[in-house]
Structure formats: C-alpha cells, structure tokens
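Peer 1: Below you will find the structure I want to go over with you.
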Amino acid sequence: MKPFQLDLLFVCFFLFSQELGLQKRGCCLVLGYMAKDKFRRMNEGQVYSFSQQPQDQVVVSGQPVTLLCAIPEYDGFVLWIKDGLALGVGRDLSSYPQYLVVGNHLSGEHHLKILRAELQDDAVYECQAIQAAIRSRPARLTVLVPPDDPVILGGPVISLRAGDPLNLTCHADNAKPAASIIWLRKGEVINGATYSKTLLRDGKRESIVSTLFISPGDVENGQSIVCRATNKAIPGGKETSVTIDIQHPPLVNLSVEPQPVLEDNVVTFHCSAKANPAVTQYRWAKRGQIIKEASGEVYRTTVDYTYFSEPVSCEVTNALGSTNLSRTVDVYFGPRMTTEPQSLLVDLGSDAIFSCAWTGNPSLTIVWMKRGSGVVLSNEKTLTLKSVRQEDAGKYVCRAVVPRVGAGEREVTLTVNGPPIISSTQTQHALHGEKGQIKCFIRSTPPPDRIAWSWKENVLESGTSGRYTVETISTEEGVISTLTISNIVRADFQTIYNCTAWNSFGSDTEIIRLKEQGSEMKSGAGLEAESVPMAVIIGVAVGAGVAFLVLMATIVAFCCARSQRNLKGVVSAKNDIRVEIVHKEPASGREGEEHSTIKQLMMDRGEFQQDSVLKQLEVLKEEEKEFQNLKDPTNGYYSVNTFKEHHSTPTISLSSCQPDLRPAGKQRVPTGMSFTNIYSTLSGQGRLYDYGQRFVLGMGSSSIELCEREFQRGSLSDSSSFLDTQCDSSVSSSGKQDGYVQFDKASKASASSSHHSQSSSQNSDPSRPLQRRMQTHV
C-alpha cells in the first residue's frame, strides 16, 4: 500500500470518528495514525523521536500559556489530546478557538498555545505523532483562580457602642486554591480569627469565611480594620476595610508651665479633658509609677533632669473608657550618656563605626576626636572610619558639650586587625664568650600565628638547636621573641639575623645585627648603655678594695694612737710628707695680733705649756729651712700650685708614728685631724681655704679628737703651724681613706683618700673661690 493510500485511509477513519462520540473519535484517530505509520515504516523504515515535549505548568486564570511539542524531520499529522480527548488533526483546531498550534511546521514544531487560560483548561495534555506512532509524556496544566473581592459583613462603617465587643466576618469566594484571610489594624496582624472553607460544585474552586472577635478595650473610635485575602494566583492579595464608629473616651489636653526651666524649680501641669459621658477620674504618673499625691486637673512639683526624658502622664477616665496623655518638661541640664559607645575590633581596610548618644538641654554638641589629636573627626552621634589602617588604632573620645551648662566624654578603643609590625633595635649587643640575646618585639592583632628566626642556612621557630634557643612570651604591649646564643664567638658578630612574624593578615620582617658589647669604648666612640654590666663588675671590685683599705687604716690608726702616748715632742724628718697650704696673709700687724690671741687662749686653757709651744715653733722653723734647701726629686711633678701671688707659705710638718706601714717612696697624710674653720677663724674674708672636711678615726673619744679641738683653738705664730706631740699621727698610703670610718656631714660627698692632695683636688669645686688645692711634696 502506498503512502497516499494510507493518508486517504486515515481521513476516512477521521470522518468516521466524527459520527461517533469525541471519546470514540479520539480512539479511532489514534488507531488510524498507528496503522498509517506502521505501513509507512514497513515501506520506508524511518524512525522519529521528540526533541521537545510538553511539561507540567502552572498558569493564572486569564494568562496565556504554551505547551511545547517538536519532532524533527516529521511532516505528518500531529494530534493534541486533552484529558484523553483529541482537540483536532494537525493545525486545524477550529472547534477550540482559544487553542492554536504554533511553530515551524517544516522543522517539526507543533506547539499548543492557549490564548487565555480558564478553569476548564485545567487538564492533562499529550502530543501524538500519528504516522510515526509516537506520543509525548503527559503534561499537567494547572490553572490558578484568584478569589473574588473579599467582603466584610456590615461594612464599610460599623457603629459600635463603647464597651461592647466587636465581631467582624469576612468571606472570599471562588478561589483555586482556597484563599487565606488575615486581619490588619495599623499595619499589624490581628490574631485570634477563626476560619472555614467550602468546596464548590466544580470540585476545583473553594470559598473561605473568617470571623474576628475584638474585645471592647481594643476598639477605638475611627479605627480602620482590614480584611486581606490572598492565594497563589494573587500573592499581593485583595483587601477591604471597615471603620469603627463608637463613642469616644475623654479628649485630653496637657500643658506645662513655665518652660524652659532650670533644675530644682517648680512647674505646674494642667490636664483639661472633654468627655461624654463626664470625666470620672484623673490619674497622674511618671515613668509608669503612679503619683499618689496628685488627683485633680492640676499637679505641681519640683523638677530635675529626669523630667526631660521621663514624661508625666495624665489619664482621664469616663464611663466609656480612658485617655492617657504625657508631657516632658524642658529642663536645662548638662550632658548625660544614653548610649554607651563600644570598643571595636575590625579588620584592616574595613569600616569602623562608633555610636555615642548623649542627652542634654539646651541642645548639645557632640565631638569625636582621637586621643592625643586636636582634629575633630565628627560632630554626629556616629563616627565612621572608612577603610581603617593600623595607624588608626587607638583611643577615641566622644565628647558632649552643653553651652553654659557642662560637658562630658567617653573613651573607646579601636583595635585593627592587620599584619604584624616589628619594632626592634636593629643593632643589639652581647659579650664575646658569654651568652647573648637578640630580642624581636612584635605588635600584632590578631596575635602572630608564627614567628621564625633565620640566619645563614638556619631557621628556628622555637626550642633549641645547638647553641641557639628561641623563646616567645606575650605581654600587654605585644609579643617578644628572644633568640638566645650561648658561648658567643666572633662569627656571631658577622651574622645577619632575620626575625619574621606572620598572622592571617600578612607578615613583617626585621633584620638585626649583633655587635660586640664595649667595642665603642675601645674605639673612642663612647660608652653605650649596654656596657652597664662591666661597670657593675668594676664597681664591685672597687668597693671590695675600699672595704679592705678601711680595715687596714683602722688597724694602723689604732697602733698610732697607742704609740703617741709616750711621745714628748715633735720630731721632724726629711722623709715626712709636707703639706703646703697656700693662702694670702693680711698685714704683719694683724698676724702678730692673731698670734698673741691664739697663744693667750692656749695659756688660759692650760692644756699646753708655753715652752712646749715654743719648742714646736722652733722645730717647725728648722724644718721649713730644711725644706727650702731640699731639692725636689720629681722636679715639681707633684707640686700643684694654685696661686703664685701668695705672701707667705705656712707649712704643717707631721712626724710619723710607729709602726710605719707605708711602702718605700709612698706619701703619708695626716689622720685624725680636722681642718674645719681653721682659716676662717684666723684669716676672715681674706683667706683662701674653707675646708669642710672632718676626718675622725673610729676610736671613740681619743687624744686625736682632743688634739683636733685644741688645734682649732690654737695659734699659728709667724705664719707657721704647730701640733701638739700627742696629736702627731699619719697613715700609710696603702690605707688610703680606709682609716676614716666616720665623717662629718659636710664631708660625706668628698672623703679623703690616701693622698690628701689628690682627694682635695678631685673633690674640690673650682667655682668656689674660698677652696683651693693643697700642694704635696714628696
């Protein structure tokens, strides 16, 4: 059988099916197509398939929709089936004007387009290729139907007597699926409604009814209540509303006088009301607390700053209800914090937002500043720092100022997360052969995840490796990583050390060099602060030496004191040290007067005999002559002259005591002797010396102390000095100042050493005109 004969047979089947019912006609059409396709495949062997098939879809009633069907290279008839019923053959759907077959027929496109979907279009659809004997998967088309406009029974205005309950009923009909109803008042949902649904005869649409009960206390005059119905077909919903018309409670007006007012002044609140029926009660409250002493229209009170933010309310009541009205008082007061600013921890590059709220009256000014900076960052409640950097971290101050009233401030901290920052001394010091440390100080928020030391080919993060140990500690300021090197060698001073720290935001590196401690002092560059340990060692050694010398001097002084008990006169030797005290002398007449005065004082006391004094003067004169004839073996090296215009050179010659412990060639200096006020007493303003030193051996009340007292009261005849034989004592240079165990308060800062001349020259102040050096001759 040829193809055109099959097509003719198919048309016959179609015409025959027209005489039958729609359901039978569809079956006949399918059988006809299948028969035709079978013969065609037998004759031609062609196989077809769908490139597009209809899919399940949802459409809102009244909207167009298209069901896809495409069979490439197929030029035969396509049949659309709806719930098992054929809509027509090919593109001829004249029986259903709302349906169209669209698409390129040559490309095998046979799409079914519904121009305006209706509830009856809600069905299962299928695309069939008759000659190819294939059919598509069934596709479900769901048609959504929005509800009718909702209706509130009794609307649009519902009259209600105050105190009566309110029942509202709203229904929304003919929706698919059933609508949902909500009740609204002032934009807020009212809960507590009840619902009921009814399925309509078509089995697809539904109606819904909602009932809302409102108690009398929740109803206000002129209030609008909304009923809104929604379903999938209309998500925005449809709504209607009613207005409640009831007798209103009292209308209240509340006034405050005077305003503005300073704190601790009296104000008057007046509450006037209009009501029907008449007002039955006035009630006053502040911050929700009832004011018991107020019960009428007027309330008087003394206000403070709380009245500015805490309103006073007046509640007026009649038979239909109550009305409450509140007022604040314009009280002048200084700034008070209402919202505390909070410290922030932010990431580098992000924004930091601080909020700080104050209350004050009159209007206050808010100033945001960074602590330590005079720059105003903001005058608003909110301070926003855009793209913060690490240098933005610190303290920020929110300050509020009420003109002519007061000011207040709060401080917050901004912490910025960022890469570590290493701030360490690039040159650090250590001693050769000792243990040395290199410190790396790291500031990092968040704390560093890793810290590593590297030098040469070595890398060490923690623990010990050979001579190297790494320790890390955390402090409030940051993290300190210490590289400890034991038994430092020369090569360590030539090595470059690298300290690197990482955190989640990045890293930082510092190059540190190790320098030998004390190298600056050797090169003449001066001492550095790192040489303190050597200075401590030297100080300890010197202290030990001084202690030893003090002990030796005490022993020598004790021996000298015992040997002096048997001495009758003063014996002068060439080897004795001569201490020359250079000063200016007044006129010879004054010298004689002083000489006579001192001699008379000595005679009055009776402690020294006249001939012993004369003997001492003669001995001193002889020694002076011998000294003048003696050649200085040092060529004046130890002669320290301060002035050359002196009129005379008085010399004190001190004889030695036994035993003589000084080494050969060393100087001896007198001990147990005080120079206090000697020359100030004798010479007045014209003298050169004003020694404040007082040196006393630690031997209690001895003959040396008595000698000292008499020496201060004695005289110097003919510009010469004398000492009693019992006062003669000396200490070897090996004792130095160790022999002096007790000092006068005026001499603690400049105690005498073993060479009195050296001590005097070192401790004297050149700016003092009355103090000069002593000349010491060996």
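Glycine is treated like the rest: Cβ placed from N, Cα and C.
Residues annotated as compositional bias 'Polar residues' in Swiss-Prot: 727-736. What Swiss-Prot lists as compositional bias 'Low complexity' is 748-762. Per Swiss-Prot, the feature disulfide bond maps to CYS69-CYS127, CYS170-CYS227, CYS271-CYS314, CYS356-CYS398, CYS440-CYS499; the stated evidence is sequence analysis. If you look up Swiss-Prot, you'll see 48-142 marked as domain 'Ig-like C2-type 1'. Sequence annotations record features per position, and here Swiss-Prot assigns domain 'Ig-like C2-type 2' to 147-243. Swiss-Prot lists 249-330 with the feature domain 'Ig-like C2-type 3'. According to Swiss-Prot, the domain 'Ig-like C2-type 4' annotation covers 335-415. The annotation domain 'Ig-like C2-type 5' is assigned in Swiss-Prot to 419-515. The annotation signal peptide is assigned in Swiss-Prot to 1-21 on the grounds of sequence analysis. Look at Swiss-Prot and you will find 22-535 tagged as topological domain 'Extracellular'. According to Swiss-Prot, the feature topological domain 'Cytoplasmic' maps to 557-778, an assignment based on sequence analysis.
Looking at the shown structure, what environment does each listed feature sit in?
Peer 2: Same-chain residues at least 6 positions away in sequence with a Cβ under 8 Å from that of CYS127 (disulfide bond) are, in sequence order, PHE50, GLN53, PRO54, LEU67, CYS69, VAL78, LEU79, TRP80, ILE81, HIS110, LEU112, ARG135, SER136.
Classification of CYS227 (disulfide bond) by DSSP places it within a strand.
Counting every protein chain shown, the Cβ of CYS271 (disulfide bond) has 25 other Cβ atoms within 10 Å.
Residues near CYS398 (disulfide bond) in space but far in sequence (CB under 8 A, at least 6 apart, same chain), listed by position: PRO341, PHE354, CYS356, TRP358, ILE366, VAL367, TRP368, LEU383, GLU409, ARG410, GLU411, VAL412.
A 10 Å cutoff on Cβ-Cβ distances gives CYS499 (disulfide bond) a total of 24 other Cβ atoms nearby, all chains included.
In terms of DSSP helix, strand and coil, the domain 'Ig-like C2-type 3' (249-330) has 4 helix, 47 strand, 31 coil.
Sorting the domain 'Ig-like C2-type 5' (419-515) by DSSP state (H, G, I as helix; E, B as strand; all else coil) yields 5 helix, 58 strand, 34 coil.
Confidence for the topological domain 'Cytoplasmic' (557-778), expressed as mean pLDDT, is 39.
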Peer 1: When the domain 'Ig-like C2-type 4' (335-415) is classified with DSSP, how many of its residues are helical, how many are strand and how many are coil?
Peer 2: 3 helix, 50 strand, 28 coil
Peer 1: DSSP on the domain 'Ig-like C2-type 1' (48-142): how many residues come out helix, how many strand, how many coil?
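Peer 2: Tallied per class, the domain 'Ig-like C2-type 1' (48-142) gives 3 helix, 41 strand, 51 coil.
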Peer 1: Express the distance between the Cα positions of CYS440 (disulfide bond) and CYS314 (disulfide bond) as a whole number of Å.
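Peer 2: Their Cα atoms are separated by 70 Å.
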Peer 1: Measuring Cα to Cα, how far is CYS271 (disulfide bond) from CYS227 (disulfide bond) in Å?
Peer 2: 38
Peer 1: Can you tell me whether DSSP puts CYS170 (disulfide bond) in helix, strand or coil?
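Peer 2: Assignment for CYS170 (disulfide bond) reads strand.
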Peer 1: Write out how many residues of the domain 'Ig-like C2-type 2' (147-243) are helix, how many strand and how many coil, based on DSSP.
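Peer 2: Output for the domain 'Ig-like C2-type 2' (147-243) reads 3 helix, 59 strand, 35 coil.
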Peer 1: Could you state the whole-number distance in Å separating the C-alpha atoms of CYS499 (disulfide bond) and CYS314 (disulfide bond)?
Peer 2: 73
Peer 1: My understanding is the cutoff is Cβ-Cβ under 8 Å with a sequence separation of 6 or more in the same chain; which residues meet that for CYS314 (disulfide bond)?
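Peer 2: Residues satisfying the criterion: VAL252, LEU254, PHE269, CYS271, TYR282, ARG283, TRP284, TYR299, ASN324, LEU325, SER326.
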